[in-house]
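Input: a single structure, listed below in structure tokens.
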Amino acid sequence: MSEAVAGAVAERFTQLYGAEPEGVWAAPGRVNLIGEHTDYNDGFVMPFALPHTAVAAVSRREDGVLRLHSADIDAGVVELRVADLAPESDKNWTAYPSGVVWALREAGHEVTGADIHLASTVPSGAGLSSSAALEVVIALALNDLYALGLRGWQLARLCQRAENVYVGAPVGIMDQTAAACCEAGHALFLDTRDLSQRQIPFDLAAEGMRLLVVDTQVKHSHSEGEYGKRRAGCEKGAALLGVDALRDVPYAELDAALERLGDEEEVRRLVRHVVTEDERVERVVALLESGDTRAIGPVLAEGHASLRDDFRISCPELDLVVDTALASGALGARMTGGGFGGSAIVLTEAADVDAVTKAVEEAFAAAGFTAPRVFEAVPSAGARRIR
Ligand code: GAF
């Protein structure tokens, strides 16, 4: 994060509000290497942070006023009163930062207002967690300015509450924890039951590999219902099996569990995805820790097949990325994030990056799809103060 970015965001803040900000903070978007739709089943995930960040210049106020401005939205300063913030009262971008103020206050933290200017480079609607980046950057800024003393995982919990209750999207805890807790050069192995974490070194460049993100440009939204339906189906599965969460179904007992679900065909598919996906995360962690990085490729591809066939949240564009990448020599590929559009990741030898990228671009053109946006993802830093 260059000083130039912090300086530009601070300067715009000063123009808008007539005084310099007290500080500038950044929080990243993420890709998830493996562990999809496991976070609301108390399972395992393994995201890493992108270099793309939401940046916020912020100052405290003591008069109960919250002023919000975004460089990315063509609108002026929005002025709200912190005492009036109420769940699901706001359907605009401002629901993310103001939801965090609401969640902090509701948890008993005295936040008496703020002036905020935001600018983000995390692509929105691309499954790269632009919303969590917005939430976490505000939570961290207010945590610092109001000296709340909250740790990264606590900020993540508050941001998830903001998104679940204030915004109204029933998401899990992965994205907020990734934005708050990831470290450069590492993937974050997170147990979403107790938020215990392990930083796993993940330096593909040193091993002659690359991880590409392919944004299909197909927009997705979590509040549109399908995400919530999958979550409800998983909860039904756990209830039918008599466990707190699907995380509690051991992989070795999956067949017996599926048998007990009888003719609940849809629930059986959801359960099979979640239980096998938790096992895939553990396999990827073991492979990375034993230095066998190339061997994670087929596990990523298995994960995609499970999301496509069992969880049923892929789309033709995501499938085309994965099929084309694998056919043109990639080591592994899968959709990443919530699904129904958004992005795929492709693990490839460094020497094959151009050939794989070209193959995907040509396949999209031949299918008549909008050209995808392809970029390399380097595991980057989590949320931090940059000025
Ligand atoms: C979205 C959600 F926000 C996450 O909580 C997670 O469930 C993910 O979809 C799927 O793994 O990003």
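Positions of Cβ are set from backbone N, Cα and C atoms, glycine also.
Straight from TrEMBL, the features:
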- 11-60: domain 'Galactokinase N-terminal' (DOMAIN)
- Arg30: site 'Transition state stabilizer' (SITE)
- Glu36, His37, Thr38, Asp39, Tyr227: substrate binding site (BINDING)
- Ser70, Gly125, Ala126, Gly127, Leu128, Ser129, Ser130, Ser131: ATP binding site (BINDING)
- 96-181: domain 'GHMP kinase N-terminal' (DOMAIN)
- Ser131, Glu163: Mg(2+) binding site (BINDING)
- Asp175: active site, proton acceptor (ACT_SITE)
- 286-365: domain 'GHMP kinase C-terminal' (DOMAIN)
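Proximity of the binding-site residues (Ser70, Gly125, Leu128, Ser130, Ser131, Tyr227) to ligand 1: a Cβ under 6 Å from the molecule is found for none of them. On the 0 to 100 pLDDT scale, the domain 'GHMP kinase N-terminal' (96-181) averages 98 in this prediction. Residues Gly35, Tyr40, Asn41, Gly43, Val45, Gly172, Met174, Arg230, Val274, Glu277, Gly338 surround the recorded substrate site, their Cβ atoms falling within 8 Å of the Cβ centroid of Glu36, His37, Thr38, Asp39, Tyr227, which are themselves excluded. Cα of Ala126 (ATP binding site) to Cα of Arg30 (site 'Transition state stabilizer'): a span of 11 Å. Working note on the recorded positions Glu36, Asp39, Glu163, Asp175: by count of other C-beta atoms within 10 Å of each C-beta, Asp175 ranks first. Over all protein chains present, the Cβ of Gly125 (ATP binding site) has 15 other Cβ atoms lying within 10 Å. Every protein chain shown contributes to the tally, and the Cβ of Ser131 (ATP binding site) ends up with 28 other Cβ atoms within 10 Å.
Counting every protein chain shown, the Cβ of Arg30 (site 'Transition state stabilizer') has 34 other Cβ atoms within 10 Å.
Within 10 Å of Leu128 (ATP binding site), as judged by C-alpha distances, the recorded positions found are Arg30, Asp175; the full candidate list was Arg30, His37, Asp175.
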